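Presented below is the structure to which this report refers.
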């Protein structure tokens, strides 16, 4: 390209150009021709145009061609221009200026400079923006001249600028706009990522989405690790193939790198070992197993060649030697630990065998008793009452006996599984009851059901509805008590007395025959009759003397029924007024008199923890009544038991075989049924505390 004059001469004929300038109206916007602004610069004058992408930053002004052409606007455009008004900016070609002068074009000097500057800006904008060029040409020339200008542009091939740093030519078309899409040559090419992982053959990557070739799985996270996770979860055989291929590649790379010593160096630092070592060893084991089974794997050839070239056989021998040494050290350590554990156990057993206690009288007595028990022969085993014996003894119906015998362990008679109960059902009352669903218990003789599965409640049911079965249960209880060593009956007197009072029995009333609608009158026991008769006789006389030993006042006898309610007192005294008082014999009439006589003895009273000076009486409820207080004794049960233990300890100190005497145990049980004879250790401790 030449200067601006040559450009005008090449684009327009001289006559047309002069006529267009002379015939232009006052409304032509000259500012639309000038594109000089603070944001505009020559395409080759700054470093902003060194890259091809910088040419897309220019945008056409939205207000071009809108302002009117006037001298004020021309002057304003001259003043606002950032170019120097000196003649240095003018073209040095004087030939074209002479041509203009020869053709008689008379213009002002300032207007001439404006025209030259316009042509220079036109040349620059022609290379930068096609849209601005079209706007300027459409505003400056008529349609005829615009067509001619386009024809001249087609014939002239402009010289393309060259980007100096890159050496790439600028875009060939000067008509590219900012809105148009950039060309392929102008955008830098993105380096394609290498996909060397063997997982990629199982996936297709389309538009940044990886799709599995075997199922409908797709993901935008196009990474080999995620794809391997999919194969591991849904295509296990392919996943194993990928892992084996990865291991082969890693092993080959590791061996070719010359770092084979790190592969089998057990003592080396783990951080320096490659992360795929464990996986490689697993692959080697798999390949070895395949070779033993007669299967040939294509990776075996690679391994054999690598081992032959790099001499891994020696490394394997070293590894085996190190492993054997490590195993020997581990076995030796395990043997030492076992020996230490055995020694500790022996020491603990020896310490547990030696009793650690002080040498005092209580401990010596306990040791003596322990030695005697070991020297005495063991008593013969007492036969236990089994369920079969009870069932055979009692007369059950055939169907009930069959259900009881056929019921498996953990189920009821109906075969329903039952949860394991904590309580042992050794009481004979359970022969008449069976387990039902929902932890219920049912009677085998009727439709009675209850959730309170306790032997006492079940006995009350038998007592109220099945008298014969209740008597059998009481008989079996007595037999079991004797066989288990619980000598003597229970509190039979109190039980019979309570049953008699609640039943409303009368001493003089004979028992009536049973009827279907009314229950029978309970039979009066002989012991209860004697107690009632003696109580009536004492109430008639103010003082009753028995063998001159114990004096019981009338006031004390009046309080014997203080523990009973009014209804129970009336029930107990029914028919007593017509009873004749029997003459007392030399022998005691009942057990209570015998007990009171025994209490008079000083040694026995001290044994029972009671004083001899204070008279003692017992009411119908079994409560001890003192004559002075006329109320039940308020002594603490624990204190009484301690006093009894001390007295028994003194007797045991005089005769050490006292506790093993069966008659002495029966005697103590008769005196105090509620008192339990303590062990030898407790008696020895009580004896030491006394002294």
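Every residue gets a Cβ built from N, Cα and C, even glycine.
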Statement: Candidate ranges 194-242, 243-291; Swiss-Prot annotation zinc finger resolves to 194-242
Query: For which of the residue intervals 424-473, 474-523, 524-573 does Swiss-Prot record zinc finger?
result: 424-473
Task: Have a look at 171-195, 296-320, 321-345 and point to the one annotated region 'Disordered' in Swiss-Prot.
output: 171-195
Task: For residue 215 (Zn(2+) 1 binding site), list the number of other Cβ atoms lying within 10 Å of its Cβ atom.
output: 10
- prompt: Within 8 Å of the Cβ centroid of the Zn(2+) 1 site residues 212, 215, 230, 235, which other residues of the same chain have their Cβ?
  reply: 202, 213, 214, 217, 231, 234, 238
- prompt: Non-local Cβ contacts of residue 212 (Zn(2+) 1 binding site) (under 8 Å, 6 or more apart, same chain)?
  reply: 202, 203, 218, 230, 234, 235
Query: Which site among 230, 235 has the most other CB atoms no more than 10 Å from its CB, taking these as binding-site residues?
result: 230
